[in-house]
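I'd like to ask you about the structure that follows.
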Amino acid sequence: MAASHALKPILELLPEELPGEGYRRAQIAHWLYAKGARDFSEMTDLPKALREALAREWRLSEFSLVQAFPSQDGSVKYLFTLLDGKKTEAVYMPYENRKTVCLSTMVGCPAGCTFCATGALGFGRNLTAAEILDQLLTIAYHQGLSPREIRNVVLMGMGEPLLNLRNVLKAVRIMLHKKALALSPRRVTLSTVGIPKGIYRLAEEDLGVRLALSLHAPDDETRRKIIPTAHRYPIAEIMEAVRHYHAKTKRRVTFEYTLLKGVNDHLWQARLLAKLLKGLSAHVNLIPFNPWEGAPVVGTPRAGVLAFAEELKRLGVPTSIRWSRGQDVGAACGQLALKVPRPLTLTPLPGGAGR
């Protein structure tokens with residue numbers, strides 16, 4: 001069946017909201033989230049009449065085209081064409097002890113961070129909960145996995161999740177639902193540039209997911225140079241919200257910090273960062289800048305990255321360096337820009353919506 005906006009997105013529904021009687025809903029949820037069915041005809045323990053009725057009313061996929069770009073390090077970037085023709089991206093990252101996906105929450109991003117290729121695209125639109133979830137389901141299908149074999153989700157792709165909070169919360173609830181993806185809350189990380197109102201709301205929802213703050217500078221003056229929209233929310237206001245989130249959820253907060261040469265990589269800034277985080281259960285993720293065409297900034301050399309990390313550790317701040325994966329296909333942190341990597345060959349996936 002061809003993709004059609006006339007069909008309703010079944011991935012928008014919690015398991016208890018799925019069509020059919022109680023036990024039929026459980027069967028449909030099992031097919032969607034445990035077996036990864038991509039067509040209603042695959043749901044062979046449902047009556048044929050029900051399968052046909054589902055196919056007439058609902059769609060299983062939110063994409064008209066999916067393309068995959070494998071990296072030499074084993075990660076894979078996915079480019080999704082949505083039903084309205086707009087595009088977004090996600091990344092699959094297999095590790096020895098876990099399989100992780102980095103999902104997008106928007107087409108483009110309104111934050112405009114200077115180091116981020118997505119920000120240079122500007123804002124397209126919010127993704128629906130179904131479009132967020134289907135990134136994971138489609139990646140699992142492509143990798144020959146059950147969706148439940150992907151046990152780590154980071155909402156760190158395109159977009160600012162807290163500016164699409166309604167749809168993001170719906171998607172996360174389905175990820176955590178025992179009859180859906182059954183993810184542990186501590187295996188879901190939501191990354192934000194720092195929207196205080198959204199952080200408070202996330203705390204009140206009490207989902208228990210991990211929070212990552214894209215801080216990138218310990219002072220407002222420097223941060224405004226890196227994040228043009230940072231003038232709306234002073235660091236003190238953001239930190240007050242973050243401390244509330246930590247107090248409410250008891251979850252350690254991660255602080256993302258992309259190091260830019262001569263901008264935010266001075267050792268005095270490391271000391272100021274340590275002072276800012278004092279008394280908070282926090283972990284700093286230092287991110288070496290991943291270059292992209294037209295970027296207005298330059299990354300800190302490796303020696304500078306290591307020196308900044310050592311200064312933070314000396315001051316008692318738990319710190320790690322995230323050496324990004326997928327750089328050769330534009331899949332690394334800050335590189336998602338809807339670019340088609342060359343000379344790698346596209347890998348179209350079967351079908352689209354209503355397969």
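In case you wondered, yes, glycine gets a Cβ from its N, Cα and C as well.
Owing to the predicted nature of the structure, the values given are computational and were not obtained by experimental measurement.
The active site, proton acceptor feature in Swiss-Prot is assigned to Glu89; the stated evidence is sequence analysis. The domain 'Radical SAM core' annotation in Swiss-Prot covers 95-322 and rests on sequence analysis. Residues annotated as disulfide bond in Swiss-Prot: Cys102-Cys333. Summarising the annotation, Swiss-Prot assigns [4Fe-4S] cluster binding site to Cys109, Cys113, Cys116 and lists sequence analysis as the type of evidence. For Gly159, Glu160, Ser191, Ser214, Leu215, His216, Asn290, the entry in Swiss-Prot reads S-adenosyl-L-methionine binding site, with the evidence type sequence analysis. Swiss-Prot lists Cys333 with the feature active site, S-methylcysteine intermediate.
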So which recorded positions are near Glu89 (active site, proton acceptor), with CA atoms within 10 Å, out of Cys102, Cys116, Ser191, Ser214, His216, Asn290?
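So far as Cα distances go, the recorded positions lying within 10 Å of Glu89 (active site, proton acceptor) are Cys102.
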Considering Cα atoms only, can you say which of Cys102, Gly159, Glu160, Asn290 is the nearest neighbour of Cys109 ([4Fe-4S] cluster binding site) among these recorded positions?
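Closest by Cα: Gly159.
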Ser191 (S-adenosyl-L-methionine binding site) to Cys102 (disulfide bond): how many Å between their Cα atoms?
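Approximately 11 Å lies between the Cα of Ser191 (S-adenosyl-L-methionine binding site) and that of Cys102 (disulfide bond).
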With an 8 Å cut-off on Cβ-Cβ distance and a minimum sequence separation of at least 6, pull the same-chain contacts of Glu160 (S-adenosyl-L-methionine binding site), or say none.
Thr105, Met106, Cys109, Pro110, Ala111, Thr192, Val193, Ile195
What is the number of other Cβ atoms found within 10 Å of the Cβ of Ser191 (S-adenosyl-L-methionine binding site)?
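For Ser191 (S-adenosyl-L-methionine binding site), the 10 Å Cβ neighbour count is 23.
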If we count other C-beta atoms within 10 Å, could you say which of the recorded positions Cys102, Cys109 has the fewest?
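The recorded positions Cys102, Cys109 were compared, and Cys109 has the fewest Cβ atoms within 10 Å.
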Taking just the CA atoms, what is the gap between Gly159 (S-adenosyl-L-methionine binding site) and Cys116 ([4Fe-4S] cluster binding site) in Å?
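One finds 11 Å between the Cα atoms of these residues.
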Gly159 (S-adenosyl-L-methionine binding site) has how many other Cβ neighbours within 10 Å of its own Cβ?
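By my count, 29.
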Pop the Cα-Cα gap between Cys102 (disulfide bond) and Ser214 (S-adenosyl-L-methionine binding site) into the table, whole Å please.
15
Tell me the Cα distance separating Cys102 (disulfide bond) from Cys116 ([4Fe-4S] cluster binding site), rounded to the nearest angstrom.
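Cys102 (disulfide bond) has its Cα 15 Å from the Cα of Cys116 ([4Fe-4S] cluster binding site).
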C-alpha of Cys102 (disulfide bond) to C-alpha of Asn290 (S-adenosyl-L-methionine binding site): distance in Å?
16
